[in-house]
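Note sheet for the following structure.
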Amino acid sequence: CHASTGYCWCVDNSGQEKAETRTPLGTQPKDCAKPDAPKTHCEEQRDRAQASIQERYPIAGVFVPRCDAQGQYLPQQCHGSTGHCWCVDSSGQERAGTRTAPGTAPVDCRKPDSAVSNNRLDSVCERWKASVIEHYGGKPDPKHYVPQCEPDGEFSPIQCYGESTYCWCVDQEGREVPGTRSHDDVKPACLPSVAPPIIRPVTRPDVTPPTNTDVTLLYAQGQKIGALPLNRTRLDAARSKTLLTLHGSIVVGIAYDCKENKVYWTDLSARTINRASMASGAEPEMLINTNLVSPEGLAVDAKRRLMFWVDSNADVIESADLDGSRRRTLFDSDLVNPRAIIVVSSTGSLYWTDWNREAPKIETSTVEGQDRRVVVSDGIGLPNALTYDFSSGQICWADAGTKRLECISPNGSSRRVINSGLNYPFSMVYYSNHFYYSDWRRDGVIAVSKDSSKFTDEYLPEQRSHLYGITIATTHCLPGSH
């Protein structure tokens, strides 16, 4: 057993862990003296959930069921990360009307359904799910589609057909997002459309300046922007802190203006673009709050005082002055799932990714929207992350489908693989011969050396949830950025 985490497992006579014997804290450890017995339905579901957390792309806040010593479902199940609780029947199906929100007393699962029917969290997803389960007599097969709901009743951003690899993204109404359908083992890169519930009391939004350092990584994590200082090229976890708390937001794209020391971000929940000074006590400022549906990637051109962003639902790329004025559409055609965007000030060039499942690509144009062309369209799958290597003049991307970090010259030549063992990258930035990317499987920041191609460092925030955009803030503008 591991003392600090509470995990236990069985080993063979050479000390090697026996497959499928690991149990988490609070569950009955396996009897390692007994021969392996067939798993119960609860044990199978629990082990699949744990595997999705440890080995694959995890759906945000994945639920791990609790089983008793005999492998049967405990009558009461709770979601560890949100505090929602509910009762289940012997097959693990949720009993209608038993779900309770965090901070409220759970129902007595020994009572019949009629005694708890007034506690139901009534949402579109839960109602749809209940009707489908009822339609199949309470026991739908894995081949049947059953809506997947978050603990707060909202639709999970990714929906799958039973236990298959047939998956797609949905909006907050449960409608399929065009261009996201997948039959691959790698699930589509879906973003939530509803901010997670706030469980504990919170303070007003505040900017907390990072400690006095030359270089700081800024990363978006749900309802906050975190600051992670670099010590040369190492991640200085001891000095990490929350830079900005934004309650009810889903911060996705993030960019930095080195001339005015301001951070910019897109908010997927409020459908806005915002900024705040990094100075102590600064207040967030909303720049754009109209005609945005799903604003994701964001880039700032400090030299020209412009910002650029993609909207993955409206399928457009737009630009505006840094105060939100003079907004204009650069492209509104031949885009399906645009995600990352960067601007190279020194050359006046834009680059962006499109993880269209049918034809993923990386494109470029001038900052004025001229000379649009494809840079890469072969050998890519889910190009989520994009950055620019000023030392070599190459465009580099991290792909959640191919698991590769690659670089290429803007003219399409000199393509090379830096690392082919990534997990599930989302956003990336380059600095001092290192790539720093946010990872959905590890829920952290990972560092890769360009010279050795090896992983050199990682930072895992205490609060475990998906990290989205990542950028770099410096006390002076870097070469080529102004």
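Cβ coordinates come from backbone N, Cα and C, glycine included.
Database features (TrEMBL):
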type     : residues  : note
DOMAIN   : 1-32      : domain 'Thyroglobulin type-1'
DISULFID : C1-C8     : disulfide bond
REGION   : 19-49     : region 'Disordered'
COMPBIAS : 31-49     : compositional bias 'Basic and acidic residues'
DOMAIN   : 39-109    : domain 'Thyroglobulin type-1'
DISULFID : C78-C85   : disulfide bond
DOMAIN   : 122-190   : domain 'Thyroglobulin type-1'
DISULFID : C160-C167 : disulfide bond
REPEAT   : 261-304   : repeat 'LDL-receptor class B'
REPEAT   : 305-347   : repeat 'LDL-receptor class B'
REPEAT   : 348-392   : repeat 'LDL-receptor class B'
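Neighbour counts of Cβ atoms within 10 Å were taken for the disulfide-bonded residues C1, C78, C85, C160, C167; the minimum is at C1. Packing against the domain 'Thyroglobulin type-1' (1-32) from elsewhere in the chain are residues 39, 47, 50, 64, 66-69: each is 6 or more residues past its ends and has a CB under 8 Å from a CB in it.
Across the repeat 'LDL-receptor class B' (348-392), DSSP helix (H, G, I), strand (E, B) and coil residues number 0 helix, 23 strand, 22 coil. Here the domain 'Thyroglobulin type-1' (122-190) has, by DSSP, the following mix of helix, strand and coil residues: 12 helix, 11 strand, 46 coil.
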